[in-house]
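Quick look at what TrEMBL lists:
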| type | residues | note |
| --- | --- | --- |
| DOMAIN | 10-54 | domain 'Pyrroline-5-carboxylate reductase catalytic N-terminal' |
| TRANSMEM | 149-167 | transmembrane segment |
| TRANSMEM | 193-218 | transmembrane segment |
| DOMAIN | 196-340 | domain 'Ferric oxidoreductase' |
| TRANSMEM | 239-260 | transmembrane segment |
| TRANSMEM | 295-321 | transmembrane segment |
| TRANSMEM | 366-389 | transmembrane segment |
Amino acid sequence: MSSLLPSGTEVLSYSEAARKSDIIIIAIHRDHYNFFIELTEVLNGKILVDVSNNLKINQYPESNAEYLAQLLPGAHVVKAFNTISAWALQSGALDASRQVFVCGNDTKAKQRVMDIVRTLGLTPLDQGSLMAAKEIENYPLQLFPMWRFPFYLSAALCIFFFFYSVIRDIIYPYVNKKEDNTFRLAISIPNRVFPITALVLLALVYLPGVIAAILQLYRGTKYHRFPHWLNHWMLCRKQLGLVALGFAFLHVIYTLVIPIRYYVRWRLRNITATQVIDKKDDPFITSTAWLSDSYVSLGILGFFLFLLLGITSLPSVSNMVNWREFRFVQSKLGYLTLTLCTAHTLVYGGKRFLSPSALRWYLPSAYILALIIPCAVLVIKFILIMPCIDNTLTRIRQGWERNSKCSKSALFGKSDVSSKAECTWASEL
């Protein structure tokens with residue numbers, strides 16, 4: 001036991017240790033809090049720092065800190081350090097989160113704990129009274145709460161387009177021509193599914209903003225709450241964009257390995273040998289060269305801006321720019337990225353959009369389905385930025401209401417005293 005304790009450590013009983021200390025760290029589980037009842041008189045006026053966590057979110061009706069405060073009404077209970085891992089305290093704050101959430105009912109006790117946090121080189125964040133302890137205790141138990149919807153959505157899109165491509169590219173040739181194209185499951189189909197998923201997710205990043213603008217125009221005010229599903233969707237836009245960027249990265253990597261594939265090299269050798277035997281060559285088609293180069297160029301530019309959007313969404317980068325700069329990158333360049341990626345897909349399709357030969361069992365190519373949401377978002381956004389609509393939307397977002405008494409009196413030029421008083425009172429609110 002002596003080897004586990006630093007030299008000079010004094011071993012005392014609970015009551016003796018409590019009498020000698022003003023600040024006591026409670027590093028035990030809630031199940032063992034009952035023994036504090038025997039120390040009620042000794043702990044009166046002491047600062048108790050509760051660092052405990054539960055096994056499940058909302059495991060008890062009240063937080064551990066509130067329960068401890070009920071057991072010891074004479075003590076000053078402060079919730080802190082429960083969101084910092086032991087690894088972070090051992091390795092220092094350079095490679096871990098520096099923020100420590102602190103809450104408590106006694107201001108002086110909370111301030112002393114925050115001073116200890118600063119002494120350790122960490123950053124205290126005052127969360128208010130002890131009522132915030134339950135939220136603080138639930139925080140380290142959360143498992144990617146804002147990433148669940150993007151993950152589920154991206155998984156659903158991948159599964160749908162994967163099986164859709166399997167039906168068109170593997171099952172259809174086997175049924176009609178007895179061709180075995182199962183080798184496409186390794187590279188070809190994933191390299192079709194990943195960019196489609198990335199494009200759809202990128203469009204879904206900007207679709208809720210368009211829906212919100214339509215709702216504000218329809219309601220004529222910005223003071224009505226959005227539906228819960230739309231609000232949650234808008235909060236997940238950053239995560240949706242980062243997941244989309246990940247799929248775009250996969251598309252780039254899969255595209256780079258195309259020249260070393262056996263199928264591609266075999267096909268190239270076969271075409272070359274056939275041309276040599278037949279003594280024929282394919283003529284150079286300028287329009288095809290334009291489409292090919294434009295397709296690659298749009299993809300490169302779109303991926304570059306996509307990568308720029310991902311970099312600016314990082315906290316270390318976004319904290320270095322002001323709101324106007326961040327909004328310019330995420331909004332203006334974001335729509336430009338969506339436009340370039342959509343154009344990249346359109347040029348990829350070329351003249352095959354209306355070709356009956358592209359249909360297999362009356363199913364169009366997967367990239368045609370992928371263009372529905374991006375094209376819809378771009379068309380609606382183009383309509384919303386028209387001056388006649390954008391001016392109205394800007395006024396609504398600045399506080400103007402279509403059906404309010406103030407807006408009606410201003411619209412019809414009424415200047416009576418009662419209207420002015422009502423408008424002044426409303427503006428002050």
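A Cβ is built for glycine as well, from the same backbone N, Cα and C atoms used for every other residue.
Model, not experiment: these values are computed from the prediction.
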| request: Could you pull out which residues elsewhere in the chain have a CB under 8 Å from any CB of the transmembrane segment (295-321), counting only those six or more residues past its ends? | output: 202, 238, 241-242, 244-245, 248, 252, 329-330, 333-334, 336-337, 340-341, 343-344, 347-348
| Against which stretches of its own chain does the transmembrane segment (239-260) lie, if we need a Cβ under 8 Å and a gap of at least six residues from its ends? | 146-147, 149-151, 153-154, 187, 190-191, 194-195, 197-199, 201-202, 204-205, 303, 306-307, 309-310, 313
| Any residues 6+ beyond the ends of the transmembrane segment (193-218) with a Cβ under 8 Å from its own? | 150, 153-154, 157-158, 161-162, 165, 224, 226, 230, 233-234, 237, 240-241, 243-245, 247-248, 250-251, 254, 306, 334-335, 337-338, 341-342, 345, 366-367, 369-371, 373-374, 376-377, 380-381, 384, 389, 392-393, 396-397
| request: For the domain 'Pyrroline-5-carboxylate reductase catalytic N-terminal' (10-54), provide the mean pLDDT of the predicted model. | output: 89
